[in-house]
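See structure below.
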Amino acid sequence: MYDDGPRKGKPGGLSMDAATAAGLAAVWPEYFPEESEFAADGRSARLAADLVDLFSSPDASDLLSRVEDDGDILSLPVDFQQLSNLTWITEALQENPKEALLSMGAAVHLIVCASRDLQLGDINKINIRLYNHTKTIALKNLKAAYIKKLVTVRGTVLKVSTVKPLVLQLNFQCMKCATKFPRVFCDGKFSPPVSCSIQGCKSRTFIPMRSTAKLMDFQKIRIQELASGESHEEGRVPRTIECELTEDLVDCCIPGETVTVTGIVKVLNNYMDVGGGKSKSRNQGLYYLYLEAISVRNSKVHAASGNSDAASGSFGFQAFTEKDLEFISKFKEEHGADVFRQILHSFCPSIYGHELVKAGITLALFGGVQKHSIDQNKVPVRGDIHAVVVGDPGLGKSQLLQAAAAVSPRGIYVCGNTTTNAGLTVAVVKDSMSNDYAFEAGAMVLADRGICCIDEFDKMSAEHQALLEAMEQQCVSVAKAGLVASLSARTSVLAAANPVGGHYDRAKTVNENLKMSAALLSRFDLVFILLDKPDELLDKRVSDHIIALHSNDGGPFTANKRIRTVPQFNPSTEFGVGRTSLASRLRLHPEKDKDFCPLPGPLLRKYISYARSHVNPRIFMPSPAADSLQKFYLDLRKQSDSADGTPITARQLESLVRLAEARARVDLREEVTLEDAKEVIDIMTESLYDKCVDEHGVVDFARSGGMSNQKQSKKFLRALNEQCDLQKKDCFTMNEMYNLADRISLQVANLDAIVESLNNAGYITKKGSSMYQVVTSSYQGSQATWSGR
């Protein structure tokens with residue numbers, strides 16, 4: 001935007017005129033309170049004079065018009081890339097960033113007052129908020145060499161403290177001679193005068209004049225390095241750094257948000273007056289690094305400024321270079337309609353088969369479109385897709401989740417048996433220094449706008465209730481220690497669980513196999529069930545695949561070929577469309593795809609991030625895609641009416657819409673097509689069939705929740721025993737049993753089958769054509785004991 005002109009090299013190439021010198025001298029105490037007087041020949045003064053000349057040019061009028069007035073606080077966002085051609089400014093920012101930014105603020109102060117016909121004292125200090133500054137630095141590289149340097153870091157907000165006033169300047173009055181001494185506290189370090197400087201008065205007692213205090217809003221945040229970043233090291237505790245926010249920067253972020261912080265690296269003495277002797281002297285030399293924030297950029301700032309990308313589910317400031325955009329364009333152009341299959345097989349290539357399960361997880365990675373996320377007058381509709389994989393041990397469920405967390409631009413992987421309720425949602429911790437309570441984000445909040453993979457989901461039954469709100473309302477409400485707040489948790493939950501007993505029992509429902517409530521299970525858009533059944537041909541291919549992975553001597557297709565491992569079946573035609581067609585289309589062919597090479601993880605991560613940031617597909621009404629989804633949903637509702645329960649609700653229709661939007665996002669399309677709807681129906685049919693089929697292969701929609709026939713039989717037998725005690729008899733007719741089943745709301749399709757199973761098990765005995773005796777009743781037992789006497 002600007003060029004050097006006559007100031008190539010160091011600042012001070014032009015002489016300072018009298019008007020500029022007088023103006024800078026008037027505002028200088030506001031920006032440099034620690035300096036006793038304005039020195040026109042000083043380095044900072046000469047830099048400020050050059051900046052006054054620069055900002056007086058017509059090119060700078062657009063920049064100065066962006067001065068933000070937030071009450072008594074004025075700030076000016078400045079894009080560093082617009083000043084990158086001015087070497088004298090970049091050198092000044094590199095040598096002494098604090099001095100350069102204050103000089104820039106003083107220069108802007110003069111120009112703004114002149115352009116608005118204001119007196120220099122009519123406006124307060126203007127803070128320069130420099131953003132888009134060079135390349136971000138990994139937290140592991142932030143060491144002593146960067147002290148007093150200007151850096152940019154990215155991370156997830158882990159903790160936010162309360163806003164407090166910080167004293168910058170205060171007058172003290174001597175108790176003996178009543179002389180007033182102004183004191184300036186650099187970096188907020190409170191340092192009262194030691195002794196009175198008046199001759200003849202050596203008093204050491206001073207009274208702070210609190211009415212003269214100059215205050216500033218102050219807040220501390222802690223950011224943590226991104227878990228999915230390229231610089232992240234496995235097995236190491238994630239690095240964190242404290243950031244100090246002041247004035248207009250306070251309350252600009254909440255726990256769980258991804259922020260880009262530009263600031264000056266500073267050090268603070270970690271000395272605490274504890275212990276004694278050698279330990280005390282050793283602690284005096286310890287320092288820790290922290291950032292004095294100059295600017296903070298996050299999704300909330302972008303959304304407030306009208307940027308729709310932040311509100312549409314972006315992963316937050318994912319930078320795309322020209323090479324990245326060229327790769328995305330060429331990849332889409334080269335594969336065309338086959339992009340979904342290419343991405344699906346690039347995701348977790350070490351797992352053999354499971355095409356439809358991988359398809360569901362891939363759609364969850366791309367996600368749907370969130371509606372009404374910014375409008376406060378409407379209820380937000382979530383766009384994130386939740387999926388759970390249930391099955392026997394050893395089928396690769398954990399590897400699928402780890403692969404999803406690895407390729408996601410923002411993914412977090414946790415294990416259920418080591419996760420607490422607070423660690424999953426949000427915790428309230430007490431700061432040891434200030435004794436204040438603050439929020440500390442858990443896994444769901446840290447995975448905001450990303451993926452949260454929860455393994456061993458069945459081992460954390462106590463924490464299931466904490467997920468109900470986070471999965472549907474996309475937020476976590478907390479009311480602890482006097483703090484009441486709601487934190488965003490716009491994340492897709494991918495869960496993996498082992499059934500009770502180690503083996504999935506088709507005779508039981510999904511709820512009974514997992515010990516999961518029906519309310520939580522209904523929040524999952526997709527439920528996949530993997531069964532381990534012996535198959536000679538399939539086992540041979542799986543063993544070949546595993547050996548090829550370990551030997552590393554196979555061809556490119558040997559280690560990456562896919563053959564479906566889920567047993568095939570033939571669902572009834574009235575249940576829905578055939579679901580083997582999509583699996584066969586997604587499967588790699590040994591001949592046609594022998595040269596298939598998976599997409600590398602970093603490139604796949606870039607593609608997913610671009611799709612979520614810039615592609616927002618919609619379903620138009622009327623359209624073939626909308627008609628197809630509506631017809632499938634109405635058919636499911638019609639079939640579920642015949643069952644005792646009604647598990648097919650509007651949530652299934654919303655799930656279909658989200659999946660269809662995610663399928664369109666994979667192909668970078670803005671409109672959902674009929675082919676997208678058909679593929680989504682195939683995946684949904686797979687999920688519904690696995691969830692609702694019983695041990696005989698019969699589809700029963702009531703099995704998606706509630707109790708199995710075994711539990712219903714126990715409930716019916718318990719009711720019979722109670723009736724024996726109440727009515728003083730142990731024989732019942734079939735009509736009486738039918739009436740009893742209605743009274744206890746027994747949810748079975750065939751009561752005769754339940755009665756027959758109880759008869760075969762010996763709990764009841766048939767005494768006639770329609771008469772049964774309850775053998776297990778206490779009434780029958782007491783009668784037998786009396787007759788024996």
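Just so you know, glycine gets a Cβ as well, placed from its N, Cα and C.
Given the structure is predicted, the values throughout are model-derived calculations rather than measurements.
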> Do you know which of 6-33, 118-145, 174-201, 650-677 Swiss-Prot annotates as zinc finger?
Replying inline: 174-201
> Any idea which of 510-513, 522-525, 622-625 is down as motif 'Arginine finger' in Swiss-Prot?
Replying inline: 522-525
> Three-state secondary structure of Gly396 (ATP binding site) from DSSP?
Replying inline: coil
>> Please count the residues of the zinc finger (174-201) that DSSP assigns to helix (H, G, I), strand (E, B) and coil.
In response: 3 helix, 6 strand, 19 coil
>> Counting by DSSP secondary structure, give me helix, strand and coil numbers for the motif 'Arginine finger' (522-525).
In response: 0 helix, 0 strand, 4 coil
> So of Gly391, Pro393, which of the binding-site residues has the fewest other Cβ atoms within 10 Å around its own Cβ?
Replying inline: Pro393
>> Just to confirm my parser: what is the rounded mean pLDDT across the motif 'Arginine finger' (522-525)?
In response: 82
>> At a 10 A cut-off on CB-CB distances, which of the binding-site residues Gly394, Gly396, Ser398 has the highest count?
In response: Gly396
> Around Asp392 (ATP binding site), how many other C-beta atoms are within 10 angstroms of its C-beta?
Replying inline: 16
> For the binding-site residues listed here, Leu395, Lys397, which shows the highest count of neighbouring CB atoms within 10 A?
Replying inline: Lys397
